[in-house]
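Single-structure report; data block below.
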Amino acid sequence: MSDRLTLLRPDDWHIHLRDGAVLPHTVADVARTFGRAIIMPNLVPPVRNAQQADAYRQRILAARPATSRFEPLMVLYLTDQTTPDDIRTAKASGFVYAAKLYPAGATTNSDSGVTSIDKIFPALEAMADVGMLLLVHGEVTRGEIDVFDREKVFIDEHLRRVVERFPSLKVVFEHITTGEAVQFVNEASANVAATITAHHLLYNRNHMLVGGIRPHFYCLPILKRNTHQTALLDAATSGSGKFFLGTDSAPHAQHAKENACGCAGCYTAYAAIELYAEAFEQRNALDKLEGFASLHGPAFYGLPANQDTITLVRDEWTAPASLPFGELTVIPLRAGETLRWRLEEHA
């Protein structure tokens, strides 16, 4: 077994960078490893049009480390009021690559999200026409639906209908967490793919709930039982081009996580590819990591793969106990614990 692993530089097809004073920290962490990233638009207020996307993009570019060539790929936030013209203008911009469906109330800053899928059908039709991807947070939000069942119910009630109604629309089912989601993506057309996070590959709900509640494992969609974790590992390491890397790295300040009503999100960008390497190594599938991390995503988006490389070294190191987050701190996933792979830094 080799102690070095060289990959084409990967991309992150789902990340939250937040905004304002934290950007120099979050952008530096993602740019350290990834060539490009799909930037989530759930700011306050959300990124609803091309003009707002461009302004956010400029703030991200301004926060890059001096020598970085990291490229943010922007996303529109779909609302009940999104028009076909909004979609066409965004597509014509050249820097908006997708639009994001957040069911209203499903996750952080989703209150402005879609209240009924039918209300965005004109926008979805325009997206299919111009070749803009639909990114989906796939959970229903009705109070009577158990939080562990919300992904499966979303597939049955909404996602099947969208895929059938718009067969030419490319759809990314984001941060999938269940065996049912894996099966849906595998059985769907070539226009349907999914991202998988490192934390859903490495952990299940026992890690969050057994022996005490561990708030830094709390995310949405929530960690599921170990049988679903196994299905995700099977999918990620299968070599199928339908599955690719999306960290859903989602920082919240320490006080907002360690709270009587803590926020959902795991901060993994500081060591994302290292965490994925651990998951793939558990399956003796390090040979499949480059496809998952560096090739499948660009192919689905119709973009070229990166041409430069990164190198991972089998070398244990201790994750920081905390990281700067503007004037506050964020507790990263695996804080203070040992990681088995290290990204080789080049002078």
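Using the three backbone atoms N, Cα and C, a Cβ is placed for every residue, glycine included.
What Swiss-Prot says about this one:
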BINDING   His14, His16, Lys100, Asp248  Zn(2+) 1 binding site
MOD_RES   Lys100  N6-carboxylysine
BINDING   Lys100, His137, His175  Zn(2+) 2 binding site
ACT_SITE  Asp248  active site
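Known features from Swiss-Prot, placed on the structure.
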{"residue": "His14", "record": "Zn(2+) 1 binding site", "Cβ contacts under 8 Å, 6 or more apart": "Ile38, Met40, Leu135, Glu174, His175, Thr195, Thr197, Gly246, Thr247, Asp248"}
{"residue": "His16", "record": "Zn(2+) 1 binding site", "Cβ contacts under 8 Å, 6 or more apart": "Thr26, Met40, Asn42, Thr108, Asp248, Ser249, Ala250, Pro251, Gly265"}
{"residue": "Lys100", "record": "Zn(2+) 1 binding site", "Cβ contacts under 8 Å, 6 or more apart": "Met40, Pro41, Asn42, Val75, Leu76, Tyr77, Leu78, Leu135, Val136, His137"}
A correct count of other C-beta atoms within 10 Å of the C-beta of His175 (Zn(2+) 2 binding site) gives 26
Going by DSSP, give the three-state secondary structure for Lys100 (Zn(2+) 1 binding site).
strand
Helix, strand or coil: which one is His137 (Zn(2+) 2 binding site) in, per DSSP?
coil
Can you tell me how many other Cβ atoms are located within 10 Å of the Cβ belonging to Asp248 (Zn(2+) 1 binding site)?
27
Using a 10 Å cut-off, grab the number of neighbouring Cβ atoms around the Cβ of His137 (Zn(2+) 2 binding site), all chains included.
25
Same-chain, non-site residues whose Cβ lies within 8 A of the His14, His16, Lys100, Asp248 Cβ center for Zn(2+) 1 are Ile15, Ile38, Met40, Asn42, Leu135, His137, Glu174, His175, Gly246, Ala250
